[in-house]
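Colleague: Sharing the features that Swiss-Prot gives for it:
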- Glu147: active site, nucleophile (ACT_SITE)
- Glu138, Glu151, Asp173: Mg(2+) binding site (BINDING)
- 97-243: domain 'Nudix hydrolase' (DOMAIN)
- 132-153: motif 'Nudix box' (MOTIF)
Amino acid sequence: MDTAMQLKTSIGLITCRMNTQNNQIETILVQKRYSLAFSEFIHCHYSINANQGHLIKMFNNMTINERLLVKTLDFDRMWYHIWIETPVYELYHKKYQKFRKNWLLPDNGKKLISLINQAKGSGTLLWEIPKGKPKEDESDLTCAIREFEEETGITREYYQILPEFKKSMSYFDGKTEYKHIYFLAMLCKSLEEPNMNLSLQYENRIAEISKISWQNMEAVRFISKRQSLNLEPIIGPAFNFIKNYLRYKH
């Protein structure tokens, strides 16, 4: 049996501003439209021969609505929930055939529904720093800038990269190691107005994002307590760096 550890790397940009109304540093966070567990299941990133506890844990980490969607056994609806109208027909066909082989052909989905019924609690939709996977031959910083614009609509001329800051964090989930690398940027004054409504201006730019907003450190701590991904160890040092940067700048 293949036990090799997989490494998945994402690169992100922590972009900050000083909110002049309350004199607090804020950063842009985006909320995913679906849970990581739901995405992993739909893309068949699991072993059908794994112990049932691993599969039940995957369903535990889905939202209630996602579990209900899987129980319909309607793969088209599940796929649409992630990809919407994105044309990825070859990938769809490959994943559908695997879903059909794993769950529909053996017993018409009875085992799958039984496993879902054993799930307890409910997962949450993650708030995270805008990030994504690097393209082939793409530098880390270029990837961070590209992904940030794709997820927020804010282009390169509106912020300044602070090259002295670069942090990474890793965590493990079964056979997969997830590594996130982050750069830091400071927003230019032309976009620092506290009333700038990112939720309305950039919402639904891409299929995977449902919300986008400015968050201060108190909000980051609150969010981190309610989800599996703890943002405080990365955003905390970034905010401290920004404080020192602003102190010496002025």
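In case you wondered, yes, glycine gets a Cβ from its N, Cα and C as well.
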Colleague: Per DSSP, how many helix, strand and coil residues does the domain 'Nudix hydrolase' (97-243) have?
Modeller: 64 helix, 38 strand, 45 coil
Colleague: Restricting to the chain of Glu138 (Mg(2+) binding site) and a gap of 6 or more, list residues whose Cβ falls under 8 Å of its Cβ, or answer none.
Modeller: Arg146
Colleague: Ten-angstrom check, please: count other Cβ atoms within 10 Å of the Cβ of Glu151 (Mg(2+) binding site), all chains counted.
Modeller: 23
Colleague: Counting other CB atoms within 10 A of each CB, which of the recorded positions Glu147, Asp173 comes out lowest?
Modeller: Asp173
Colleague: Averaged across the motif 'Nudix box' (132-153), what pLDDT does the model get? Just tell me the whole number, please.
Modeller: 94
